[in-house]
């Protein structure tokens, strides 16, 4: 049963509802774009795709539940909702309790997707990269498990989490939210900077390297709202208990943006690949272009400080070398993002 809201009543509900609907549409469209791109460009499916697709239903549940909560008083002052129907506050708190579970998943699954993306794009024989990916993957999984466990048992007894009138105790919400938001933000920053030295070390033009850096930044641009949520956590969470249905809306802006933008950004490479697909182009011309530039090899000789670029198979000289391969033709090992594949090999003669 909906609330009877007189005209002129302060209400943030319509604004947050509009945001939730827009995010629901955008995440759905971007997920569909990812699927279509994989099918059209005939790229093989891998773990990064699985985690990206799993993050979508989690975000859908969050946004749908919050939209339903708006009809129960989210965005209105708590005293107004309580005056009309106190039970709506408990129902709304239950909705929020459910959302927290899926929020944890909605920001962790895209992290795992990004890590597996790096594992595909950059040759995993690079020991430094492999170690970073394992550390970040472990941290992400541990973060998710601990967040879920704390969410379940945040109060004793458990129902006190959505019904504050029940006698019992709860964890320090501010400390919990701040710790998880800070760690999540730190992991996002780390994930964002992983490809920077690898891309900047390419023996390519400055313009090309900048283009690739921008592409990877767009792939994980969620860091902007991740920082915003961390700031909102510090500023808003201490005030939530004073007027939950009103004050919580500001935090939910950032929380839903973070989860949704995570899903959208990790599918950017697939959207780029789909946009670059030769829709309606001359297939013969495209085939010839791919044949002529199917493989470009960039060699960086660490001991003699020179580089040679040739198409196809390349022979190397010197004591050690770093080889970066940017493939132009689609193969099973290639990625979206302009079919980029990077390999690092060390050979001693």
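First residue shown is number 1, and so on along the chain.
For all residues, glycine too, the Cβ spot is worked out from N, Cα and C.
What TrEMBL says about a protein is an automatic prediction, not a curated fact.
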Which stretch, out of 210-231, 276-297, is listed as transmembrane segment by TrEMBL? 210-231
PLDDT averaged over the residues of the domain 'Rhodopsin' (34-274): 87
What residues elsewhere in the chain lie close to the transmembrane segment (49-75), defined as a C-beta under 8 angstroms and at least 6 residues from its ends? 2-3, 11-17, 20-21, 23-24, 27-28, 31, 34-35, 38, 81, 84, 88-89, 91-92, 95-96, 98-99, 102-103, 105-106, 109-110, 112-113, 116, 245-246, 248-249, 252, 256, 259-260, 262-263, 266-267
Mind pulling out the one from 131-154, 174-198, 210-231, 251-275 with the most Cβ pairs under 8 angstroms to the transmembrane segment (95-119)? 131-154
Can you work out which residues elsewhere in the same chain, 6+ from the ends of the transmembrane segment (174-198), have a Cβ less than 8 Å from its Cβ atoms? 107, 111, 114-115, 118, 121-122, 126, 129, 132-133, 136, 139-140, 143, 147, 150, 154, 213, 216-217, 220, 222-223, 226-227, 229-230, 233-234, 237-238, 342, 344
Contact set, same chain, for the transmembrane segment (251-275): CB under 8 Å, 6 or more residues outside the stretch: 16, 19-20, 23, 26-27, 30-31, 33-34, 36-38, 40-41, 43, 48, 52, 55-56, 58-59, 62-63, 66, 74, 103, 106-107, 110-111, 113-114, 117, 215, 218-222, 224-226, 228-229, 232-233, 236-237, 240, 335-339
